[in-house]
């Protein structure tokens, strides 16, 4: 099965730009950031053992998508003909996609995360991101809450209020998925979030961590490799925003609009 067919099967679209959530005219930097953002959602280290095989497959396909769009010649062929050269070295080479990902994206520190969160919440950037997520997912709060950075389930009323104000101001359309969301769906989302919070708290206790940054870093450094990976993933969730250049392309266009 070719790359485009795989994308259709796994991501619901054969459009490589839609897979990365970027516009067709996206700069190289925007393509890279799009790859980073989507890859954080499907990275094998972020799922349980039962879902690891599927996540690995998605991650590998995503890496190939980025390889095509980050290669000038391959991207030109795709843009002009809508096809992908399946025999090109870009797609045929045997690559360790996780190692490749680590080379592309550096880690950041816990202090960086805390500093970012402090300035991000309540900022114009967060406001724009929330409205963009609302548009991207056509008002689906499940996906909005998962995609917006630094958001806890307890903040849903705040997020909903921001969106409602944007609707009232005519800045975004009124989607039924948002304004007519059932209480059953809201409660299911709350239960999932509470279960995840409990699991996170149990993991924190297993690691013997208190609330201090220094003790957290010291404990992580002394633990086994698999536990270090878990923290790396937590840190990586912030890289796309924190490391984003202030120059160039601005916000990505909403292209994940095929599924309603």
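Each Cβ is built from the backbone N, Cα and C atoms, and glycine gets one as well.
Swiss-Prot lists 193-208 with the feature compositional bias 'Basic and acidic residues'.
Remark: secondary structure over the domain 'J' (15-82) totals 55 helix, 0 strand, 13 coil, with classes taken from DSSP. Swiss-Prot lists 15-82 with the feature domain 'J'.
Taken from Swiss-Prot, the feature phosphoserine covers 109 (among others), and the record attributes it to a large-scale study or a structure entry.
Taken from Swiss-Prot, the feature phosphoserine applies to 215 (among others).
Annotation comment: Swiss-Prot describes 171-249 as region 'Required for histone binding', evidence class experimental evidence.
What Swiss-Prot lists as region 'Disordered' is 185-208.
Across the residues of the domain 'J' (15-82), the predicted structure has a mean pLDDT of 85.
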